[in-house]
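> If you scroll down you'll find the structure; I have some questions about it.
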Amino acid sequence: MELREFNNQVHPPPDYPSPHGSQHSLRLRTVPAQGTSAVQFDWASPPEDAEDSNEPRNLRELPLHMGLKKAVWQVQQMRVPVGSSSWNIRQSQTFWRFCEVAKFILSYFVLWKRGIQRIGGHFGGGVQSYFLYLRFLVILNFLSSLLIGAFVLIPSIVFRSMNLNSTIAPTVNLTGVEICLQYDPKPDALLVFYTYFLDLVSGTGFMEYSYLFYGYYNNSVIESNGFSYNIPLAYLLTAAFYFLFCLICMIIRMGDTARLVVTGGGAVGGYSMLVFTGWDHGLQGDRATKLKKNNLRHRLQVDLEEERLKKKAASLTLGQTVSLYALRVFLNLVVLILIGATFYCIARATQFSQSNVEKSDFTELLLQYLPSMVITASNFVVPLLCDKIALLEKYSPSTTVILALLRAVFLRLVSLGVLLFTLWEQITCKGENSSEYCTPCKYNHKRYECWETRVGQEMYKLTLFDFLITIATLILVEFPRRIVVDHCSCKLTQLVGRQEFLVAPNVLALVYSQTVVWTGALFCPLLPFINTIKFILFYYCKKITLFQNCQPATRNFRSTTSNFFFLLVLLFGWMLSSMVLLYSVAKIHPSYGCGPFRTNSAMWDVVPGAVTMLSHTSKEFLFYIGSQKFSIPLFIFSCVLLCYVSALTSVHGKSVTLLKSQCKLEQRDKQFLVRQIEELNAKVQKEQREPQQPQRETKPLYHAATQRNQHYNYAFDPDECPRPY
């Protein structure tokens, strides 16, 4: 019956029989069958408000419930237009079914899909964004490991096993620098067992003489039967493409997240969109439904808390506002003093560790890990103090998270920069090649026989120490705290309670770990693979501690904007690592006794040397790309393109702002109409309750528009700034 009524509404029958006077074509005519109740459809007819349109009516615009819309959609799918080949239609339907089945099958291969959905349902989108971030880094490091393994590791292993090494002729004069060629990291044949453990955690001994570090790779070019492979060139170009690949992946992901920030973050009517369109009607089972409810509830908590803080900030007086900003300035000065003291401690610890090496094995191990210990301790204590200070600044939850991230990012990344700067000072004798320690080799050979391997060992120790600290914190702090809180009923333990999963420190730990990997990838090629295993273990450890030891956060934040900010922070880490790569490749002299660049004055020299071996046409093409004839037009074109994109972004931003204002005005109109309907319903109900009184003539419904015009509606006042609802 509903389908028949709907068909009559869309195509009402004529008031008079006109079998020959119909304006519809034979294909569009509907001939009712006699003696049957079949429902007739004519979806190709134009809508009522567009007589000249040939587009079918959109089901979303029809006032029907979901079951009826589904039935109509199925009828539309079965309709075969006249003049088209049924074979093409079947092939198209088969292709779309295949695509749907392929997407359904591929969804099972998404890494940690169900686990991350469960986390989002129990702890909200903020905690879920951390695990999505972690999954992105796992995939990024795994693909990077494949890149390095395919072009550097596997060729080096194959050529070494087949004895195909052919050393490149040196491009620098080796006379007078014979002392710089001394480098023999091979371990002794007989060692005590605990020595292997010390070598494993410090990267020395048998670990140093392996494919893990830079010094083990040869400077060889393989030529066999017309096949040529340059190990130094492959080593350098693979590192460059590795950085470029990571940058492209981050930009693509930032673009997707930025699109959500522009369209969804802070959009007008967010509550209505969340309530009416936020539910997933494809959920099956009580478990999935419960998780989705929890996720929506957390998102509403975030929005309500931020609106409450905005109203509270708007109600402050001038004196309260001035005192609040003065307090914030003072607290920021305190934070800067803490961070400055941290940098000084890291620099002093690095200098002491590099200049005081004892003979005792365990003492030497402690000295080697001293910079890592100071960095880890400062990264734990200082952000904790900054978080306590941030509570006094009275920002919104999202602003508090972003501010904590900014401070912690500045602390961690710059602390890593301080460590590297101190190492460069020790290696290059503070840039003075004429110094006593750097005279023959142009670097401090007495302390750093292979300085690239030493830098790689420092990054390896930072990565390993960060993993060990995470596991130790999980076993020695988080589980005992949960046991004490659950089994002890004293007021102190109940006041402390279970710990909350803080998103900002955990995300920053991932950024710090990835920045360390990028910094050490040139000197420790297998570090991305080690970091992949580390992040996989991180996921399971964090998931266990999240469900077993943590409680949902009392202060939530908006995950949409935070995802974009997390990627922006990761981009800062990539920039710092790129600066280290460029400085090492272009400025510092490579070690004479190790590595694929031992015979070059700089790592970059292998690129011009490889270009000279190309054909004349290839060299001319590369020289043209590097000349001003190509670079200046390219720069001008890039500037024009940048200006166009900037203007397009501005126009789109204005369009989004205009659409938001229109949405606000439409909401006010709807609220006004709802109030009018409520008033009319109240009048009708009042008249029905008083039948003994003479009936008063009620105003028809179309008089509501006249009454609406008599009232002052500030929503249409051009000088009135619409307020969000």
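Think of each number as a place in line: the chain as shown, counted from 1.
Glycine residues also receive a Cβ, built from the backbone N, Cα and C atoms like all the rest.
Any TrEMBL annotation is an automated prediction that lacks curation.
These came from TrEMBL, pasted as-is:
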COILED    663-690  coiled coil
COMPBIAS  1-10  compositional bias 'Polar residues'
DOMAIN    450-559  domain 'TMC'
REGION    1-29  region 'Disordered'
TRANSMEM  132-154  transmembrane segment
TRANSMEM  191-213  transmembrane segment
TRANSMEM  233-253  transmembrane segment
TRANSMEM  260-279  transmembrane segment
TRANSMEM  325-346  transmembrane segment
TRANSMEM  366-385  transmembrane segment
TRANSMEM  405-424  transmembrane segment
TRANSMEM  459-477  transmembrane segment
TRANSMEM  516-541  transmembrane segment
TRANSMEM  562-583  transmembrane segment
TRANSMEM  630-651  transmembrane segment
> So if I exclude everything within five residues of the ends of the transmembrane segment (132-154), which remaining residues of that chain have a CB under 8 angstroms from its CBs? That is, six or more out.
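Cβ under 8 Å, 6 or more out: 111-112, 116, 211, 217, 231, 234-235, 237-238, 241-242, 245-246, 249, 253, 507, 510, 514, 517, 521, 525-526, 528-529, 531-532, 535-536, 538-539, 542, 563, 566.
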> Against which stretches of its own chain does the transmembrane segment (191-213) lie, if we need a Cβ under 8 Å and a gap of at least six residues from its ends?
153, 156-157, 185, 361-362, 365, 368-369, 452-453, 456-457, 460-461, 464, 523-526
> Report the mean pLDDT of the predicted model across the domain 'TMC' (450-559), rounded to a whole number.
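Mean pLDDT for the domain 'TMC' (450-559): 84.
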